[in-house]
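Features reported for this protein in Swiss-Prot:
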type     : residues       : note
SIGNAL   : 1-25           : signal peptide
DOMAIN   : 57-172         : domain 'DOMON'
DOMAIN   : 179-380        : domain 'Cytochrome b561'
TRANSMEM : 219-239        : transmembrane segment
BINDING  : His220, His289 : heme b 1 binding site
TRANSMEM : 252-272        : transmembrane segment
BINDING  : His256, His325 : heme b 2 binding site
TRANSMEM : 287-307        : transmembrane segment
TRANSMEM : 327-347        : transmembrane segment
TRANSMEM : 355-375        : transmembrane segment
Amino acid sequence: MSLSSRATLVVLCCLFMLIPSFTTAATEQGLHARSRCESYSFNNGKSFRSCTDLLVLNSYLHFNYAQETGVLEIAYHHSNLESSSWISWAINPTSKGMVGAQALVAYRNSTSGVMRAYTSSINSYSPMLQESPLSLRVTQVSAEYSNGEMMIFATLVLPPNTTVVNHLWQDGPLKEGDRLGMHAMSGDNLKSMASLDLLSGQVTTTKSVNRNMLLVKQIHAIVNALSWGILMPIGVMAARYMKNYEVLDPTWFYIHVVCQTTGYFSGLIGGLGTAIYMARHTGMRTTLHTVIGLLLFALGFLQILSLKARPNKDHKYRKYWNWYHHTMGYIVIVLSIYNIYKGLSILQPGSIWKIAYTTIICCIAAFAVVMEILQFKKRWARLFFKKSKDVEADQPTVSVDVIGETEKAERKKASGGIEIQIENYNITKNFMIPSVFVISYPHTSPPLLAFHSYHHPSTSIAATAA
């Protein structure tokens, strides 16, 4: 037998030895998974013939079902739960969604600690889960809470010979005053629905619907973050900072228009389009995020309309139009950034999304701060330079020349100046004449002339000394 054949035989032997181990592990895992549901015993002594481990939210469903009569006795069991939480289990006899679901709701009173269980019929996508009768007959509704486990018990009567039902289960926080808070809008809370075979206990999920909706929500977040949260601020910065440089005129204007129009219409098509899709499939909830989103589209549309009413640069109303246009633009930017963070808190896609957007916004804000400082220095430098020029123009200028006797005579002759004598460098009399004022004083040999010219915006004076 060759060496390769021996090696192959050894490998096969090892595999055959490992197969029983894999089988045993799988069997133990299956028994363990099955025991999570079947081995549970209720404190009230109730027992159920069937049970199933629900896929998400640490939940289990125990039930007894009589097909001939349609009587369904259930116990919905939710583990690893805070006492300040509410739970719900529902059957939807008409569809797979939330609208039309007939729900059982339970929570623990924050003051007395007593459990409350009641029924609630869900007729919209923004339910308050208030107590209301169901379309199904239901009796013996009760609830229990112990050691982080909350349970709902009830008996429902389904149409006879019903074998498969669409059921939903959910949890959420309990607010002040025992108000039921909104459940999470991401992760497992969006996957808590399935079809239940009452005869076999098999659960069939609707993963495609959940995945499609999650994809739509991600597209909605990305499109709006890029359009309203990034392109819009860049367009505003182009108009504010680039137009101060003549070399960038009119490039800044085209960048501003492209960023604003692209941001608005991409947000209109991608953002509003996905929002309408989600409203049709999961319901339009009147939240602050929704209100701000609609307000942003309205303000953006007004900005577009205002371009038709823009006066010429030399028009007396142009400054008022600029105030309006700039103010509306800044309001849109602030609301956009706030609403993006609001949407991220609803979607809860993971911290990396918020970190990435925050990093981009911080970079844009840092660049804006630097440009504001540069513009401030440039503006004040220009203003200071202008004031210095004005002061310099108002002040007289003085110049002194040393000339010889010959040039002195020529200047005196040309100007018609008056020569007077000065003793001890003290001027005894001043003469203001239209052209030149000449003063002479004794000086040592060789004779020099100190020509002192005094210029003022309104007159010209010269003083000479010999």
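Cβ from N, Cα, C; glycine included.
The Cβ of His325 (heme b 2 binding site) has 16 other Cβ atoms within 10 Å, all protein chains considered. The listed stretches are 252-272, 327-347, 355-375; of these, 327-347 has the most Cβ pairs under 8 Å to the transmembrane segment (287-307).
Within its own chain, the transmembrane segment (327-347) is flanked in space by residues 185-186, 217-218, 220-221, 224-225, 228-229, 232-233, 236, 287-289, 292-293, 295-296, 299-300, 302-303, 306, 353-354, 357, 361, which lie at least six positions past its ends and keep a Cβ under 8 Å from the stretch. Cα spacing between His325 (heme b 2 binding site) and His289 (heme b 1 binding site): 24 Å, rounded to the nearest whole number. DSSP labels the residues of the domain 'DOMON' (57-172) in these numbers: 0 helix, 66 strand, 50 coil. Mean pLDDT for the domain 'Cytochrome b561' (179-380) in the predicted structure: 84. A Cα-Cα distance of 24 Å separates His256 (heme b 2 binding site) from His220 (heme b 1 binding site).
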